[in-house]
């Protein structure tokens, strides 16, 4: 840099932008894939071969559908940028490990073809494609989507079939504690992932580490997961089973798909408001809706629907959170 | 005669009520979870819209424009009542399956739209063909949606089992969400079809 540049280089006037970032869509997408990988691998280790099948089929079919639609739409082929890979992976990680693996293909089809490319492709989708895929599977095969299996790693005295949130919904908090033995056992299982649930959502610690890495790389804003998880924690603590301020926030914050949803789904750059203020509103709304569905709704878990519902509101939030133009009145 | 054919044809393809005008989508979602109910609904609407266009056209010089909408609605309601009673008497199962949507034909946008935009300005016979064409277009659209939804959502067409027991039907196709998605894709397909036809027509015109 210290060398004297030739005149042409010195006085060359180029068009903006003059400051370029090293980041690109493809780099970000592959990084997110990498940060999700540990939790996905843990899911495979934890739940066995069918989980691996679901993940593989989800990814392969998502990439294939992306490629096929781009051929049909006569668009440049962008399967290498990792966005379809990410959609397939996220979708698979939100599915129960006993699901017939071919259903992951249907989910990928809905996610890529209907939710992503029908809206205009990458960057134009209103809803998080992976969550649309999951929601479509949920209404299509409700029984298969809510059947949970025993895990393969044989740890004694852990939850066998129902997810912790299912037990909480159907049998109450005391039954939940007794299935784990004690409260500290439960927290430990929730933290390390020794429980039943969707393939990629059980291991809280790996997901949080992956999310922290994304925050460190500034791919996501820390406000979104913090506000969303915090909202769920505070609200579930306030509206506890035995009256005010008797809830178990720690359990609710680690249960279900909240961690993966808050770090990896709600922060999807395309479907979230642009400004920090808007993103905080988004995360708060998603937290409130999640709590509402968990405590009052028919489903045991509501992260998927909460994020999708807030996705609908994103344009509206954006409109009310426009930053003030400098030097303009009103 | 050729003129009438043109009027009839535009209702089916170029101005299809569901796929092009996007009117009366509510019944198109609600009654198309099976092909049989879709066909019944389509035929009922076809009858109502043709008859109503004739009535409106016949009375177009007598009715004061200020009260035309109540007059249209009265006429539509009368014809719908006839359809309802006939279905109730001869096909009670279908009558139950269609439920409230049969009575709701009274307020279908497409019927009022044709009365307002065509029948109130044209003679009786063209009005009949306009209504007949629009009704046919509606019926065709409903049956297409109904067949696809029933095939994917229940593995059968008109109640006849097509796909075997291996077929694990996704419930979404029976639910409104699947109907919405399907209609979206059918609108796109219809657009491709009409574009293609226009291009062909233009080529023929040049040749």
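Placement of Cβ uses the backbone N, Cα and C atoms for every residue, glycine included.
These features come from TrEMBL:
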- B:12-32: transmembrane segment (TRANSMEM)
- B:38-59: transmembrane segment (TRANSMEM)
- B:71-91: transmembrane segment (TRANSMEM)
- B:97-115: transmembrane segment (TRANSMEM)
- B:127-148: transmembrane segment (TRANSMEM)
- B:168-190: transmembrane segment (TRANSMEM)
Sequence-remote partners of the transmembrane segment (B:97-115) [C-beta within less than 8 Å, at least six residues beyond its ends]: 17, 21, 23-24, 26-27, 30-31, 34, 36-37, 40-41, 44-45, 48-49, 52-53, 56, 69, 72-73, 76-77, 80, 83-84, 87, 130-131, 134, 138
Recorded stretch that, among B:38-59, B:71-91, B:127-148, B:168-190, has the most CB pairs under 8 Å to the transmembrane segment (B:12-32): B:127-148
Counting only residues at least 6 beyond its ends, the same-chain positions whose CB falls under 8 A of a CB in the transmembrane segment (B:168-190) are 16, 18-20, 22, 25, 28-30, 32-33, 141, 144-145, 148-149, 152-155
